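Engineer: Okay, so TrEMBL annotates it like this:
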type: TRANSMEM; residues: 38-56; note: transmembrane segment
type: TRANSMEM; residues: 76-96; note: transmembrane segment
type: TRANSMEM; residues: 117-136; note: transmembrane segment
type: TRANSMEM; residues: 169-189; note: transmembrane segment
type: TRANSMEM; residues: 201-219; note: transmembrane segment
type: TRANSMEM; residues: 282-304; note: transmembrane segment
type: TRANSMEM; residues: 338-360; note: transmembrane segment
type: TRANSMEM; residues: 389-407; note: transmembrane segment
type: TRANSMEM; residues: 413-436; note: transmembrane segment
type: TRANSMEM; residues: 457-480; note: transmembrane segment
type: TRANSMEM; residues: 492-513; note: transmembrane segment
Amino acid sequence: MAVSRSGAAGVAGGGDTTDDADRARLHKLGYKQELKRGLSLMSNFAFSFSIISVMAGVTTTYNSGLRYGGPASMTLGWLVVAAFNGCVALSMAEICSAYPTSGGLYYWSAKLAGREWAPLASWVTGWFNIVGQWAATTSTDFSLAQLVQVIVLLGTGGANGGGYTASKYVVLAIHGFFLVLHGLINSLPIRWLSWCGKLGAFWNTAGAFTLVILIPAVAKERASAKFIFTHFNDDNGMGIHGKAYILALGLLTSQYSLLGYDASAHMIEETKNADWSGPMGIISSVALSTTFGWIFLVALTSIVTDIPYLLSPDNDAGGYAVAQALYDAFDRRYGSGVGGLVCVGVVAVGIFFAGAMCIASNSRMGYAFSRDRAMPLSRVWLRVSKNEVPLNVVWLSVVVAFVMALTSLGSQVAFQAMVSIATLGQYIAYALPIFFRVTTARRSFVPGPFHLGRYGVAVGWAAVLWVAFLTVLFSLPVAYPVAKDNFNYTPVAVGGVLLLSVGAWVVSARFWFEGPITNVDL
């Protein structure tokens, strides 16, 4: 695989030279520099790594993986997902190097789809991306609120010991509280946001490393290696018995855990040496998250010895498998589950940082989309504060994420659609520019400093076919017989985004939206 850094030569010598080159490159792409370039490669990596937050992803979707296939589905399924997800990340990095703008995916689609299809391709990609990001923020902060509720429940005696169980309204209020905190963090100057991103990356690395060592060491009862890697759970209580079907559904844990690395692209106009640092941020965050995530997953599964008990809503954690497993491990060793609650707290802090970085990525995407007049009230959302932060769209992201969480009051099943939109919505947005790269732009694509050489097309096709497979897979029923309390809302949610975006295009946007527009003369 050929990887070149020819375009990055001479950058290390001075910050001013780098800034001038970045500004000139952005100007060539059609935009003037409005956001402050204060992020290094490390900072750019930290944003994506913190959003991916494998501790958060694995913990919040572990129940699903345990139910659909169990240990084998998760530990071996992770490796399958990692291989194909790596293709998606590499292809995105290659395109990111060629077009280093905050718009990211929708801008790439416009440049790669060809003149005739550019506006529609850009429009649909952009809406899938931003709705997927809003859903990711919603699911991340709501997962944090649920985890805090479980910590309080276990800390006050557990479900079977008179512990406090928060109502759905209290959980929603906690969710709103965290969203406001994340909005305030994202209202700070970029140097503070950069510091927060680095702290999040450190916490997720150090936290995962600590838990990987601590969990197996504390547990008195541990699963065997054979159980961890080969035990297949088909007793899911959902009426699904086909092993291939169950195994496929179990991939959601791995797929959701490796999501959000487009943040490196959305923060790229604030990153120095953008056409190299952005791609490296994508690749390094995915590579390290994949490695740490698998090790963390194996460590967690090593203390799983009774799957039906951990999934039972009648246990002390109310059916939250990871929290119950950690609590029991410490309780059996020390006669107290406090240590387990501390471990769950470490995960909760990781999710907190992920939520903050989600808002950061949301706001930059919203800012760029508004700059190209694609958002309603675009002139409001593209305004930049005196701290050179797109403040209005930061708080728009907060409000939208809270409104989307209101579905939890009606049905937890409906709310799970948020996770589906977060996963599929973003991956569809990832795949669209890659699809155009390997079809309409196969011969015309001009790579940047980072490229895949002759392997670019093959890797791109692997990425596109994988996302197509996921789209079908996660739209299938998750229980039989299908009823309103187990209905898979994924095709409804994702189809709704497609229908609304295409409908808006046909009715209105096709008459005025032309794709990315230049603002260098504004």
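Along the chain as shown, the residues are counted starting at 1.
Positions of Cβ are set from backbone N, Cα and C atoms, glycine also.
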Engineer: Is the transmembrane segment (38-56) packed against any residues at least 6 beyond its ends, judged by a Cβ distance under 8 Å, and which are they?
Structural biologist: 136, 140, 143, 190-191, 194, 197-198, 200-201, 204-205, 207-208, 211, 257-264, 267-268, 270-273, 276-278, 280-282, 284-286, 288-289, 292-293, 296, 346-347, 350-351, 353-354, 356-358, 360-361
Engineer: Using a Cβ cut-off under 8 Å, which residues of the same chain at least 6 positions beyond either end of the transmembrane segment (201-219) come close to it?
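Structural biologist: Result: 45-46, 49-50, 53-55, 288, 292-293, 295-296, 299-300, 302-303, 326, 329-330, 332-333, 339, 343, 346-347, 349-350, 353.
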Engineer: I'm a bit unsure how to read this: which one of 76-96, 117-136, 282-304, 338-360, 457-480 has the highest number of Cβ pairs shorter than 8 Å with the transmembrane segment (169-189)?
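Structural biologist: Comparing 76-96, 117-136, 282-304, 338-360, 457-480: 338-360 has the most Cβ pairs near the transmembrane segment (169-189).
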Engineer: Suppose I define contact as three or more CB-CB distances under 8 A, residues 6 or more apart in sequence; do the transmembrane segment (117-136) and the transmembrane segment (492-513) meet it?
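Structural biologist: Counting Cβ pairs under 8 Å, at least 3, so yes.
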Engineer: For the transmembrane segment (76-96), which recorded stretch in the set 338-360, 389-407, 457-480 gives the largest number of Cβ pairs separated by under 8 Å?
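Structural biologist: Highest pair count goes to 457-480.
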